[in-house]
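Among the features that TrEMBL reports, compositional bias 'Low complexity' is placed at 16-27. Residues or ranges marked as compositional bias 'Polar residues' by TrEMBL: 28-41. Taken from TrEMBL, the feature region 'Disordered' covers 1-46. The repeat 'PPR' annotation in TrEMBL covers 192-226, 295-330, 397-431, 499-533, 600-634, 635-665.
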């Protein structure tokens, strides 16, 4: 009978002695006359029916065994047991249970072997209810529970009960109140190593690692010699409690028990797994190297250990060794772990070679392999190729759909991801927590609260909850502009279960919606609740410092990061240098940049943008050029930053050269933002006609308000009235339906600077007739540690009367200086500036 082993390693099968002996025991002898003519020859032995049944089953011919059995008029208990055990040994547990049922109806008396075999079949078919019925039959038979039946009961319950259920939490689970495996074990009068092993395995499978270790020690103290299976079962428990000291002791005990133990393939695989889980991958490699014989499971465990410890190159090296040895064929698990390593390294070329190998060896049709290939291509930014794999799959499971949907969303193809969800539902596959996570992420990216609400309602209707669900919902509602809904979820749903992720989502939501005071208030409350901020918290709240216009809080957060050794974190460092840059302290920002060890393209982009905003174009260019030396590949946003820096610093030729290199050298197709930067760069430098020609050459691709708006701004700066009129007409066409008056104000100011007051009044009058309005500007200043906010026509400031009195005074001075326009118009223009 196969004993339960660790869920992390292959099963090691041990036959329970008694049922096995029903097949292998010596047959009853029947003497018949000898056909040998020799007077001294002994009579030939004719095999009994039981022996013949046993032989057929052992030869893997259960069909003939059944045919022979059906010819027996009244089979006795021994014959019934033989055919039942033979069915189990040939992988036919349902057939065995069918024979058990027929045996009961024939009024043949069941014995220990019958019950043990039936329980074994229940264990293999996961039929808990039937197993309990057989348990009751054993108890009603008034016969004492033999060791073989007790061991089979242990095995049945440990295989049929769900080890993933939480103990002491779910009252609906029958064995939460009474652990049936533990009860059977406790009622056993005599326990052999098999019983102890089953109990240790059960504790390990149910996550009670400390109890598993204690039971192993108790077994040793009682003088019961552990078997190889004992170590296979207890090693994962050691990994679970992260007990490095016990791991060395137990592995030493395994070696001490002799070569049969130390060389056992299951024990070697389990030991490698244990050391890998503990992060001691070097010891795991030593165990691997000392193994005289290695099957593919041992190789897989070693490769998996390297992957688990982020040593992807070592994992690939070991995979290549398997191919070079050409003695063991890699299986599905080998390719799964190898594809994971390639995916983490984003090794597209090697991934394509593996894909070709899988096609050549007809392994690509495996669902799990195809899922891994989709994930690989997604991480390598080849989501289209991944979809090609998905589209050609003959069979798909829910993981296939979720992997492809997540790949679309993670690569910014949110609409495609949503369409795939629709296709998934048409195929009759139900949405699960992974699908819901992708849907909420897509809704967040698209800022589409309708999709988010529908997903939320689906989760509510179907009673689906998963770890981190509240934080996903808060993030979705916050990014969709429904910050009040996000706040309600935070305050109502999470009142007793607020973890660090939930706090971070709420703080980030406040910051993204410009609710600075609420963000800082949530941070203070979080600290008061003894929840220590992490790097994500700081990265979320630091942007609020620049929005508030004050650097003092940012410095306090910087000090907090220093005290908790988070200042070198790339995300915190990037947020810090962005905060210092936007608060005007570019030297502090550069100092932070130089201290970050593991910089990425976002860090470089933020620093380049900071240099550009402070007019330090040459330093921005120098930093951009140094990226190639640091093996840092600029992305589309990096080019926006460097082109803006060139624009601010009048480095037109350098900027144009960089723009031309985008597609040629970096294979990045320019977008509207890049075109806008070029127009702005040429316009600021006074090359307005050249900027106009550039915009015209873009054709339909250049019909964007941002591009022509930048060109109109350049016309104002350089007083090009004629071109300004042409540009404004084009711009007003593009702006049709938008009731914001920004560019109309800009055109009226161009007329005003040329003294064309009639045209100015015409534009202003047209704005009023069409109901256009100016975007409300906002300014702030920190005085005495208090941030003062100012918006046009705002009456909320406590000193608003004094402020407007001063504005009236300034307006009179403007009028006295000979400037035309109403006082309100002049004041509004001042506020716009």
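Cβ coordinates are placed from backbone N, Cα and C, and glycine is handled just like the others.
Regional average pLDDT for the repeat 'PPR' (295-330) in the model is 92.
Look at the repeat 'PPR' (295-330): DSSP puts its residues at 27 helix, 0 strand, 9 coil. Counting residues 6+ beyond its ends, the repeat 'PPR' (499-533) has Cβ neighbours under 8 Å at 468, 470-472, 474-475, 477-479, 481, 483, 486-487, 490, 540-541, 543-544, 547-548, 553, 560, 564 in the same chain.
Helix, strand and coil counts from DSSP across the repeat 'PPR' (397-431) read 26 helix, 0 strand, 9 coil.
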